[in-house]
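> Here you go, one structure.
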Ligand SMILES: Cc1cc2nc3c(=O)[nH]c(=O)nc-3n(C[C@H](O)[C@H](O)[C@H](O)COP(=O)(O)O)c2cc1C
């Protein structure tokens, strides 16, 4: 048997085993859920979007089907308007905004420095709910960042130093070695300094939409929009 034939035979066997072992991927067009949930009415909404967010956030945390209720999709865009999205964890929210922590040199960090406009999306599918925040991001103060950094487990503190987030690296080993070096330098009982390239972003909301899935795709969408002089206007959007 020629070498080429053997290679071709192997490839053919590989193709066949793929056909027989792998079930076809599910067809997303055939997936359909009816949302049997109570509606969202304007008269029941809280006076501020942050207060309303707090109510829904409590519902999400109390539902065991929502795995990480504080996980949100953060979308940014560069100076030319090219968008990018990723999941991050919400770490604080109050009337001043929504706070998450990241590497300032990461793609999102660089984009937010060029263009502070941002969108946050909380996908609470088991509740047939989503919350979409749009607003403007600004770095948290160093004291606030340091106070949060101190609450992180030692390993996560080292991880913030070990990873040059969003840069291309040669191998997994490089990353593990960087972590091991830091671990040797800062044993568990030693304080890890806050990395200068790491910290928080606070998103001051300009609009916050509360989306509740309803039957027949006639969902409820109520959006708070900040008024220029202060306070909020609430509007209902067509689903
Ligand atoms: C559930 C989950 C939570 C995450 N939380 C964070 C976070 O709080 N901060 C962060 O920088 N990255 C977090 N990540 C990683 C980001 O999704 C992303 O990979 C990383 O921040 C680099 O993004 P960028 O290259 O777009 O800047 C999380 C990922 C997942 C799946």
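Glycine too: its Cβ is placed from the backbone N, Cα and C atoms.
Keep in mind that TrEMBL annotations are predicted by a computer and have not been checked by a curator.
Checked TrEMBL, it gives:
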COMPBIAS  1-19  compositional bias 'Basic and acidic residues'
REGION    1-29  region 'Disordered'
DOMAIN    68-181  domain 'Pyridoxamine 5'-phosphate oxidase N-terminal'
BINDING   86-91, 101-102, 107-108, 130, 165-166, 211, 221  FMN binding site
BINDING   91, 148, 152, 156, 217, 218, 219  substrate binding site
DOMAIN    198-239  domain 'Pyridoxine 5'-phosphate oxidase dimerisation C-terminal'
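A description of the local structural setting of each listed feature is requested, covering burial, neighbours and distances.
Break the domain 'Pyridoxamine 5'-phosphate oxidase N-terminal' (68-181) down by DSSP state and the numbers are 40 helix, 43 strand, 31 coil.
For residue 221 (FMN binding site), the count of additional Cβ atoms within 10 Å of its Cβ stands at 17 [all protein chains shown].
DSSP classifies residue 217 (substrate binding site) as helix under the three-state reduction.
Along the domain 'Pyridoxine 5'-phosphate oxidase dimerisation C-terminal' (198-239), the predicted structure has mean pLDDT 97.
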> Near residue 219 (substrate binding site), how many other Cβ atoms are within 10 Å of its Cβ?
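Looking across every protein chain shown, the total is 20.
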> State the residues, same chain only, that lie 6 or more residues beyond the ends of the domain 'Pyridoxine 5'-phosphate oxidase dimerisation C-terminal' (198-239) and have a CB under 8 A from a CB inside it; answer 'none' if no residue qualifies.
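Contacts with the domain 'Pyridoxine 5'-phosphate oxidase dimerisation C-terminal' (198-239): 34-42, 45, 47-50, 52-53, 56, 91, 96-104, 112, 118, 120, 128-140, 142, 144-145, 148-149, 160.
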> Taking just the CA atoms, what is the gap between residue 219 (substrate binding site) and residue 130 (FMN binding site) in Å?
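Residue 219 (substrate binding site) and residue 130 (FMN binding site) have their Cα atoms 11 Å apart.
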> If the substrate binders are 91, 148, 152, 156, 217, 218, 219 per the record, what's the largest distance between their Cα atoms, in Å?
43
> For the binding-site residues 90, 130, 156, 217, which sit with their CB under 6 angstroms from an atom of ligand 1?
none
> Mind giving me a neighbour count for residue 90 (FMN binding site)? Other Cβ atoms within 10 Å of its Cβ, every protein chain shown.
21
